[in-house]
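Below is a structure I'd like to ask you about.
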Amino acid sequence: MSPARVVIVGGGTAGWMAACLMAKAWPASEITLIESPDIGIIGVGEGSTPQLRHLFRTLGIAEADWMPRADATYKTGIAFDGWSDRPGYTRYFHPFASDIDVHTQGAFHFTNLARRRGDDLPAQPDRFFLNAALAERRLAPLPADNFPFDATYGYHFDATLVGIVLRDHAVAAGVRHVAGRVMDAAVAETGDIAGLLLEGGRMVTADLFVDASGFRGLLIQEALGTPFRSFADNLFNDRAIAIPMPLAEDEDIPCHTTATALSAGWAWHIPLTSRSGNGYVYSSRHIDQDAAEVEFRTLLGPASDRALSRHLTMKVGRVERNWVGNCVAIGLSQGFIEPLEATALHLVQASVEGLIRAWPTQDRDGYNAAIARRIEGIRDYIVCHYRVNQRTDSAYWREAAALDTLSDSLRRIVHAWFSGGDVVAEIERQDIADIYAPMSWECLLAGYGTFPPDDRLRPAEDRVGLARIDDLIARSCLNFPSHRAALAALAEG
Ligand SMILES: Cc1cc2nc3c(=O)[nH]c(=O)nc-3n(C[C@H](O)[C@H](O)[C@H](O)COP(=O)(O)OP(=O)(O)OC[C@H]3O[C@@H](n4cnc5c(N)ncnc54)[C@H](O)[C@@H]3O)c2cc1C
């Protein structure tokens, strides 16, 4: 069963992702996407999780057919720089978990537990995971055929260009593209949307309306009045500055995102084939726009002097219900958690796929509860980065470390970590490993170096075979090509 007529409002990444997935799942539906060229798209959102690979596979779009068109690069994970001032832990890597990590993650679990309990064993996560080593060596996560383990990866890309790839795919699959502005939404007594009034007076009706209109939430929030639950009490960042910069000749193209802590937030660095994406996500309560831009340009260096900046306001939180009557919110209209782990498009995809699965039963409550659980689970993982930060040099970081507005779930995880408990068992007990795997939680918590001070550690025998782990990872890396070479091969077709 599928809706006969679907109208999607919004032609940002969310709208076109929804159009592509719905056109595939519901070939008999008449799908129309309406977007206002005057309003435009947000145009940031350049990093993904591995879920995006699944999207392109589902749609049957090969990497060679979209990556060069979108200036895309491979992403093996995120390097966190400067979030802790503990010696040996000023930088750590959050890798996407690869197949071969099953051979090392038990050792990592053991060493971080033992170190928290006072054994002097190395517990910096980078040493234990393949993707951290690929990032360090600038290797593309594409194993040779004779290496029987996959590396998990996501992508970096130009958001506008990916939108064009998806638009072309959707239109080829039969989606109607209408350029026009929605001026008003008529709401029926039943609470459903009766129709949309377009500029010029045309009325559009549908069985399902998808609100992909961005932060404003034109249908779900403005027309239907669905309350918005802010996360401002434990996520302070509400602004961003984006300063894209051209690549210098022979500039390195890393295969990871870097998130560098600054005085009132953090800066992203995302390498594309033609330029780098750079942004400072900050709290306007702790720094004003001008001071933030000065601080950010100082980080970027003199090469940023001629690069233009864009200032953005972020609305962080979620709508109370995603699916109300005949309207479903997808993308920024459904909510946003700041971009630290680049999860927004992942959520778009999960929300559209969940809707397609739920459509035959029309189980709105079940769907809304599943989306809320996922958003709040991601929120907790992001909040944890701030709660356990080990910086004391600004009010922002001190306030973040003192946060006590944690969910019960996060409170129990943090307690397990600091009381020498078993974090993996706690995550399994809470049944939240599908949102962030225990390995991700342990990388985050260990990455900040929150262990007893070195002078309180007792000497400990290496019971996990660290030399064997180093060897396994070093030899595994021999099976991967350089990132630059892999991108050049894609571009050549
Ligand atoms: C600073 C920042 C960094 C981010 N980084 C990441 C990241 O690294 N990874 C990630 O996954 N996500 C990231 N995101 C989120 C990501 O940008 C969005 O999830 C993604 O771009 C989808 O946006 P959207 O399509 O919901 O909204 P938008 O791009 O804002 O699109 C809204 C669409 O609605 C249309 N519209 C609005 N009103 C009307 C109207 N009245 N009539 C007709 N059309 C209308 C507009 O024309 C536009 O086409 C980031 C977001 C921010 C703010």
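Cβ coordinates come from backbone N, Cα and C, glycine included.
Note that the coordinates shown come from a computational prediction; the quantities given were computed from them, not determined experimentally.
Feature table excerpt (TrEMBL):
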type     : residues                                   : note
ACT_SITE : Lys75                                      : active site
BINDING  : Gly11, Gly12, Thr13, Ala14, Val182, Leu332 : FAD binding site
BINDING  : Lys75                                      : 7-chloro-L-tryptophan binding site
BINDING  : Glu341                                     : L-tryptophan binding site
For a Cβ distance below 6 Å to any atom of ligand 1, name the binding-site residues from Gly11, Gly12, Glu341 that qualify, or say none.
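Only Gly11, Gly12 meet the Cβ criterion.
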The record names Gly11, Gly12, Thr13, Ala14, Val182, Leu332 as the residues that bind FAD; what is their largest Cα to Cα distance in Å?
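Per the listed residues, the maximum Cα distance equals 18 Å.
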Whole-number Å only: compute the distance from the Cα of Leu332 (FAD binding site) to the Cα of Glu341 (L-tryptophan binding site).
16
How many whole Å apart are the CA atoms of Val182 (FAD binding site) and Lys75 (active site)?
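Answer for this pair: 37 Å between alpha carbons.
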Quick one: Cα separation, Lys75 (active site) versus the residue listed as 'L-tryptophan binding site', in Å?
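The separation of the Cα atoms works out to 12 Å.
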Just how many other Cβ atoms lie inside 10 Å of the Cβ on Glu341 (L-tryptophan binding site)?
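Glu341 (L-tryptophan binding site) is surrounded by 21 other Cβ atoms within 10 Å.
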Near the Cβ of Ala14 (FAD binding site), how many other Cβ atoms are there if near means within 10 Å?
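Cβ-Cβ neighbours of Ala14 (FAD binding site) within 10 Å number 32.
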Please report the DSSP secondary structure of Val182 (FAD binding site), reduced to three states.
strand
Hey, how far is Ala14 (FAD binding site) from the residue listed as 'L-tryptophan binding site', Cα to Cα, in Å?
17
Would you identify the secondary structure of Leu332 (FAD binding site) according to DSSP, in three states?
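SS state of Leu332 (FAD binding site) = helix.
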Including all protein chains displayed, how many Cβ atoms other than that of Leu332 (FAD binding site) lie within 10 Å of its Cβ?
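A 10 Å sphere around the Cβ of Leu332 (FAD binding site) contains 25 other Cβ atoms.
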Three-state secondary structure of Thr13 (FAD binding site) from DSSP?
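Going by the DSSP assignment, Thr13 (FAD binding site) falls within a helical segment, counted as helix.
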Any idea what the Cα distance is from Gly12 (FAD binding site) over to Glu341 (L-tryptophan binding site), rounded to a whole Å?
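That separation, Cα to Cα, works out to 20 Å.
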Which chain-mates of Thr13 (FAD binding site) that are at least 6 residues away have a CB under 8 A from its CB, listed by sequence?
Ile41, Gly45, Ala159, Val162, Gly163, Leu166, Gly331, Leu345, Val348
What is the Cβ neighbour count of Gly11 (FAD binding site) at a 10 Å cut-off, with all protein chains included?
26
Rank the recorded positions Gly12, Lys75, Val182 by the number of other Cβ atoms within 10 Å of each Cβ and report the first-ranked residue.
Lys75
